[in-house]
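Down below is the structure, laid out as structure tokens.
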Amino acid sequence: MLLALPSVLQGKLLDDHLWHAAALRGDAAWRFELLDGPAAQLRETGVLGWWAGDELQLSFMRPLASLSHTFDFRVWPEALWLMHLENVLLYAALILVVGWVLQRLFGPGRVAGLACLMFAIDELHATTVMWISARNTILAALFGVLALAAHIRWRAPKVGESRRWPFALAGPLCFALGLMSAEIGVAGLGYLLAYSLTRERGGWWARLAPLLPYLAITAVWRLSYIQMGFGAKASGLYIDPGQDPLGLLTALVLQTPALGFVALSLPVADALTTLVGPAWLGLPALGFVALAWVLAPLRDDPNARLLGLGMLAAALPLTLTAPTSRTMLMLSIGSAGLAAIAWERRYTPAFAGRLRRLGLGGLLVCQLVIAPLLFVPLSFAPLVIEPPHRALATMVPDDGRVVVVLNPPSEINALYPKAIRELDNETWPEHCYLLFAGLGAVSVERVDAHTLALETQHGWAASRVDQLSRDWSVRGFNPGDQIGLERAWAEVVAVGADQRPTQIRVHFDDDLDEVVVLGFDGATLTRWAPAEGERRVWTTSLTPALEGTSALEGNPPF
């Protein structure tokens with residue numbers, strides 16, 4: 001908890017701006033819409049790029065978390081420190097419940113204590129605790145572990161413990177509350193399944209029957225989710241099993257072990273989000289195979305089997321979205337428990353081999369040394385992505401002219417400037433066009449009075465994090481495709497093998513001398529007034545900002 005306390009010094013980040021704006025608009029308090037309008041409308045205002053799919057939907061049923069944010073931003077909108085403190089206190093509650101579960105499994109002693117410590121200092125949790133909008137993840141994990149605790153108390157009471165039936169009701173109730181907090185609440189089912197398979201006695205039916213209430217709740221939740229129109233559709237950051245079964249299979253085979261590797265070792269989940277292609281996921285997946293070999297001597301331990309199986313089962317639903325550290329709270333329970341058991345047995349003959357002992361040493365160094373050293377720095381690391389949209393919120397004019405934004409470092413940087421302006425009681429231009437997003441170099445040439453030509457070697461959406469607004473595996477572009485905007489239209493000139501554009505031309509109704517063109521040149525957002533025939537290569541950095549401003553200017557934490 002002490003490692004998490006510095007997060008109260010931070011301000012708003014990413015989706016926090018959207019929550020604040022939604023609360024001021026009086027939007028429904030029980031749902032979260034990442035997009036506040038149809039794709040065509042958002043393409044026109046630069047919230048989405050010209051390439052965004054018309055079918056795009058990012059709508060989530062998270063009533064408990066949504067209500068908490070709405071309350072915060074309506075009652076004490078300026079007390080950001082208090083919102084961060086709420087996350088810290090919820091994280092402390094989660095640690096306490098995890099500690100109870102581990103003590104119940106291992107009994108009082110150093111293994112349970114060490115496992116709880118490893119969970120508490122896991123650097124994968126840093127981003128989740130520091131980000132106000134990630135509260136849904138903490139709530140889902142808290143209720144998921146409470147469900148597991150109640151289930152254990154129901155199914156395996158200790159001598160002298162009576163009144164089992166209240167816990168038979170409390171488990172499913174807590175599980176339902178987890179689902180009402182965030183979709184990843186379903187990960188709690190992984191540990192419940194692992195408990196049934198490793199601890200219950202009898203045949204398959206006898207072992208799985210206690211899970212029926214949880215399965216029924218999951219089915220009702222999922223049907224309600226669909227019937228009420230929630231879901232993520234036509235986005236490359238999320239997998240729709242009905243639209244992309246091959247992508248789902250690839251994710252299950254590669255991303256599940258990759259997440260297991262991240263939980264046990266290095267915090268590279270967010271780095272994986274920036275990479276495209278199964279080859280990159282294959283590297284940490286192979287790393288997991290190596291770690292599984294290192295930990296193989298633990299297979300005779302029932303607690304190790306429970307925690308290992310629970311960790312992998314909890315990872316399965318996480319494969320439906322891009323890997324990220326803030327979804328891995330539940331996985332860390334299993335990884336911390338496995339590491340603690342391995343530490344306890346490190347001098348046994350099973351770990352006598354030099355290679356296995358070396359691997360075990362590396363695992364323990366990651367869990368006990370690297371993790372606490374990285375916790376606080378990683379708490380502040382997400383702030384590097386704040387300056388770009390703050391710069392846009394400051395620099396984009398609203399004087400009736402068309403505005404063009406050439407190259408923010410990420411597609412998500414375009415989601416927030418309009419909301420930031422709303423919060424400052426300022427207007428946003430009616431026509432603002434996003435032409436490219438990403439860290440790659442993009443060549444821009446003014447062809448004539450009304451046309452800009454853009455070209456980039458690796459194509460649009462080269463990183464998975466920039467595939468938010470279109471599912472390229474389902475629908476790409478072809479040369480000659482045209483996308484109409486109110487004051488311009490984009491024409492695809494060339495595409496790569498995966499149908500992502502590599503060259504486009506954008507034709508404007510207005511003379512480009514009357515259009516405001518903004519681009520990120522390294523760390524600075526600048527205005528460009530190109531002459532006809534002028535060409536310039538634009539390359540941005542990870543921390544672009546308006547020259548002379550800081551990430552937190554205008555957004556004090558207190």
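Don't overthink the numbers, they just go from 1 along the chain as shown.
Cβ coordinates are placed from backbone N, Cα and C, and glycine is handled just like the others.
So that you can see what the record holds, here are the features copied from TrEMBL:
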type: TRANSMEM; residues: 81-102; note: transmembrane segment
type: TRANSMEM; residues: 138-156; note: transmembrane segment
type: TRANSMEM; residues: 168-192; note: transmembrane segment
type: TRANSMEM; residues: 204-225; note: transmembrane segment
type: TRANSMEM; residues: 246-269; note: transmembrane segment
type: TRANSMEM; residues: 275-296; note: transmembrane segment
type: TRANSMEM; residues: 328-346; note: transmembrane segment
type: TRANSMEM; residues: 358-380; note: transmembrane segment
Take a look at 168-192, 246-269, 328-346 and tell me which one has the most Cβ pairs under 8 Å to the transmembrane segment (81-102).
328-346
Considering only Cβ pairs under 8 Å, which range in 204-225, 328-346, 358-380 makes the most contacts with the transmembrane segment (168-192)?
204-225
Tally Cβ pairs under 8 Å between the transmembrane segment (204-225) and each listed stretch (138-156, 246-269, 328-346, 358-380), then give the stretch with the top tally.
138-156
Using a cut-off of under 8 Å between C-beta atoms, tell me which stretch among 246-269, 328-346, 358-380 contacts the transmembrane segment (138-156) the most.
328-346
